Amino acid sequence: MPEQHDPSQAAAPTAPGAAVESAPEDPEPDPDASAVSIPSGARLVLATHNAGKLAELRAMIAAELPGLDVERAVVDAGSLGLPDVRETGTTFQANALLKAHAAAEASGLPAVADDSGLAVDVLHGAPGIFSARWAGRHGDDTANLELLLAQLGDIPDEHRAAGFVCAAALVTPEGAEHLEFGHLRGTLLQEPVGDGGFGYDPVLRPDGLDVSCAQLDPEHKNRISHRGQAMAALAPHLVALLSQGAPAAEPGEER
Ligand SMILES: O=P(O)(O)OP(=O)(O)OP(=O)(O)OC[C@H]1O[C@@H](n2cnc3c(O)ncnc32)[C@H](O)[C@@H]1O
Ligand SMILES: [Mg+2]
């Protein structure tokens with residue numbers, strides 16, 4: 001089970017340098033039964049267990065690297081059986097780097113991780129890095145959002161400024177790091193609105209818009225979001241890393 005797997009004990013299935021070129025067709029059997037198995041053609045790991053984030057990151061990478069066969073080349077932490085990393089850092093960037101390093105080491109592939117959250121001005125930046133477990137149970141989006149709304153119940157609109165924050169890290173198996181940030185400022189609504197997106201999307205109305213993030217179509221959200229900005233800044237590094245020897249989506253297709 002993923003929870004029982006310790007990434008620090010996992011043997012990288014390929015030499016780090018070789019993993020960027022291609023993954024082994026037939027990885028050698030590993031004595032550690034929980035060791036990760038890298039699918040053929042995998043070239044990048046998305047080090048997240050959050051399905052909403054994962055869908056956004058995949059769409060962003062597909063847009064930034066149109067020649068990359070994203071289905072084949074981009075794998076995620078869950079499908080590799082990588083465990084959730086304990087987020088022991090005290091900043092978004094520290095946690096993003098922790099997650100990316102753990103995935104890169106365990107897989108032998110470059111890894112992208114994002115640590116993100118909602119920072120509310122009147123709460124001095126909380127929930128911040130605790131956004132995913134604000135109500136006490138990790139990943140309970142509804143409980144997190146309801147607790148936040150209850151806490152701010154008496155706060156009028158003019159004092160409900162808040163913003164999403166994202167630190168996105170790219171780490172290579174050799175340990176090279178790139179880190180980028182993005183922000184999306186807005187106002188917290190009094191009630192959730194919309195059913196798109198994930199997490200706190202139904203309660204943040206971005207500045208300049210009259211809808212919540214959960215009412216935006218995914219492309220619109222990705223264009224303006226904290227994650228979209230951080231990934232756009234990370235893109236040149238991803239392109240540089242993946243454009244050599246990338247399996248083309250189709251023979252002859254433009255890269
Ligand atoms: O650590 P990983 O496995 O990536 O998944 P996670 O859900 O734990 O991710 P974080 O530790 O970065 O916590 C981020 C939380 O902040 C919230 N969040 C981040 N980005 C968001 C977005 O684009 N829209 C809405 N909520 C978001 C959401 O509730 C997430 O659970
Ligand atoms: Mg997390």
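Just so you know, glycine gets a Cβ as well, placed from its N, Cα and C.
Owing to the predicted nature of the structure, the values given are computational and were not obtained by experimental measurement.
Taken from TrEMBL, the feature region 'Disordered' applies to 1-36.
The compositional bias 'Low complexity' annotation in TrEMBL covers 10-22.
Counting every protein chain shown, the number of other Cβ atoms lying within 10 Å of the Cβ of Gly199 (substrate binding site) is 22. Marked as substrate binding site by TrEMBL: Thr48, His49, Asn50, Ala51, Gly52, Lys53, Ser116, Phe198, Gly199, Tyr200, Asp201, Lys221, His226, Arg227.
Sequence-distant contacts of Asp115 (Mg(2+) binding site), defined by Cβ-Cβ distance under 8 angstroms and a gap of at least six in the same chain, are Glu87, Gly89, Phe92, Gln93, Ala94, Asn95, Ala96, Lys99, Ile129, Cys166, Ala167, Ala169. Taken residue by residue with DSSP, Asp115 (Mg(2+) binding site) is part of a strand. The Mg(2+) binding site annotation in TrEMBL covers Asp115.
Residues or ranges marked as active site, proton acceptor in TrEMBL: Asp115.
Asn50 (substrate binding site): 21 other CB atoms within 10 A of its CB, across all protein chains. Listed binding-site residues: Asn50, Gly52, Asp201. Those with a CB atom under 6 Å from ligand 1: Asn50, Asp201.
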